[in-house]
């Protein structure tokens, strides 16, 4: 109550921020007359003066913001016949300040971006504008290029259809580059696998504006970008596991101490499968193994777990579709197909086995990064969206981004009606169809939002039966997305769309539709996130247009069934709601929103938790990539580095074979064998007589230095440095890939440390640091072994870089993918444990009833 009084008197924090920006808008408006009286050439000349002031360091962007915004506004009027509204100027300032501008649908975010883009492109360091798909990247770049070109800027577009590094490099070399989040991220990973600086396509990460920032930085935050290569693991286990999974019976979850019946139970809240004691026994019999959870059968146990998930947690046409005999993921937030993306940890193979299509090879990660860490590399990050306030805390804590809600140019007239809740889905479906018929009879356009392809096809079939013409937009026909959405505001149009398919394309209406009440939005169930629901509502009522939105729910909807249906069901029972009747109440709507807040909080904590782990790997990634970039620099003294590594290798090897502290007792036979094997160099025991430990280390280092110099003396200095650089890079890349595998295994098992009263994150940091030290030593020592062992003829020396690049290119062409969401940290490895012995995790349960599941064996870093 007290807070509400304060807000009424002083306004919210957002109100105060907007008020500050409005003061500067008045200053920009005062310049409008000055610039509109200039000719085109005079306007360009004036802009060039400001650009020179930035390049010379005489002024910074904030000093010239008012004039530049006024010039961009005038340029928009002349080239596009579009004038930036006052609220759009505010949006531009918010973006320039490195914040998120929340602007409602139809408020012209594409035009707003031109203001900070031009201002920040003046430094010559480049500006990136990120969109959610190729269509929007190309459209926005083409539409706004008239402004940019007038002011002397070049514009490039990165598209997934472009296969050439040359095309990408040309786009990045432009002053302003548009593209999708995936392409920007993958180009960064690919650049850090190149063997020379000139082959890299990206330049400095200066300033980026992320359009639909909530979709990219929140919804896809748990989805890593992965470049991966094939493994040699057999796929037969997935076929066996699929057959076993089909024979296992699902039971109902019960509260302890009661034991569940059946072979397994499904935990829908955490999207997990729990195999019962009876299920373990049945699986062991069907597989023909004695202990499913022994280390020898660890992979088989994991494959069974994934097969059960595939059959019980993943629905065809909801979570994935079959296209050309391939399993294609459906993005849960947009309803679009995620081409090229595969579920990780064998889940995709389990789905392929379930659907009886060709099972593709498992892959090993070669390079990866999350969007969270990619976009945090930029010197300045900003974003635009129509829906961000519900996630303001996350934007602030994770990205240090403030969210500023920008007032609409014209007040919103859309009516957002309370939810209607029915007992069953069938009652809800019928009510939705009746409402569509009612609106359609008078010509009012209707947009029906569904949560899955399956649901959209249910409504499609019902509308066909009612003979109501309509369009369906889901992942199966997304190619026509823009056209279907553009027509959704026409008289009599009925459009069914999964989630936010068509986001970024405006639905425009004419005066006749305005008279009918505008576009009618019908949501057929609530999403787990209020933000996604708000995005659906936001399709109506753009730029002051009228519109209506309403959600139709049932107690059988997943959100209500899993997270809060009992309370609402009790209310309906008390009110005596009969079949076919609905309840409409603010109390019920608030109960639904509370269920959503509960889920949003769970997801936020999950993303925050995963980021804490990913930050550890990210610091290591940055260190390795920074070192890799140093190696690519022609001025880097690779020879000095090799000499240093030889010295460290010599000290390390000598220490392994010195049997006492004095150094008087050395196992020379084994030492000589090791040096001969690893460095192709003969050493004599006489060379080390009467020397201290340090002197012996130095002596070995000197011998190896001389041997190395003699070996490489037949090569020219330039050729030698090139060989050293490329081989060193290959060792580094291979060691980094092995390290990523080790880190995956570590993360998989670290969660169970909590059972031993240890903080898993602290343990992860400690052990990952030790792994990183091993990685550094491996790079040093393996590079020495490789440089001593290789033999080249002149032709091979000349072609070494080309060959390395060709092999890398093959790898890259066949292995770019998107990982699936990393929702859970996995479980630890166990040595062979008797079935009835206590589980090593410390839970107090028998091993066969608890955590026995294991990932692949942990490799050993050399």
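Even glycines carry a Cβ here, placed using N, Cα and C.
Remember, it's a predicted structure, so these values are computed and weren't measured experimentally.
What Swiss-Prot records for this protein:
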BINDING   88, 106, 107, 108, 109, 110, 506  ATP binding site
BINDING   839, 841, 850, 851  Zn(2+) binding site
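For the recorded site, residue 88 (ATP binding site), the DSSP three-state label reads helix. Comment: ATP site residues 88, 106, 107, 108, 109, 110, 506; largest CA to CA distance 17 Å, whole number. Within the same chain, residues at least six positions away from residue 106 (ATP binding site) with a Cβ under 8 Å of its Cβ are 506, 542, 543, 545. Neighbour count (other Cβ atoms within 10 Å of the Cβ, all protein chains): 27 for residue 88 (ATP binding site). Each residue in 103, 105, 111, 112 lies on the same chain as 88, 106, 107, 108, 109, 110, 506 and has a C-beta within 8 Å of the C-beta centroid of that ATP site, without being one of the site residues. Sequence-distant neighbours of residue 110 (ATP binding site) (same chain, 6+ apart, CB under 8 A from its CB) are 140, 143, 144, 211. Within 10 Å of the C-beta of residue 506 (ATP binding site) we count 15 further C-beta atoms, all protein chains included. Non-local neighbourhood of residue 109 (ATP binding site): 91, 101, 103, 211, 384, each in the same chain, at least six residues away, with C-beta under 8 Å from its C-beta. Reduced to three states, the DSSP call for residue 506 (ATP binding site) is coil.
Note on the binding-site residues 107, 108: the fewest other CB atoms within 10 A surround the CB of 108. The secondary structure of residue 109 (ATP binding site), as reduced to three states from DSSP, is helical.
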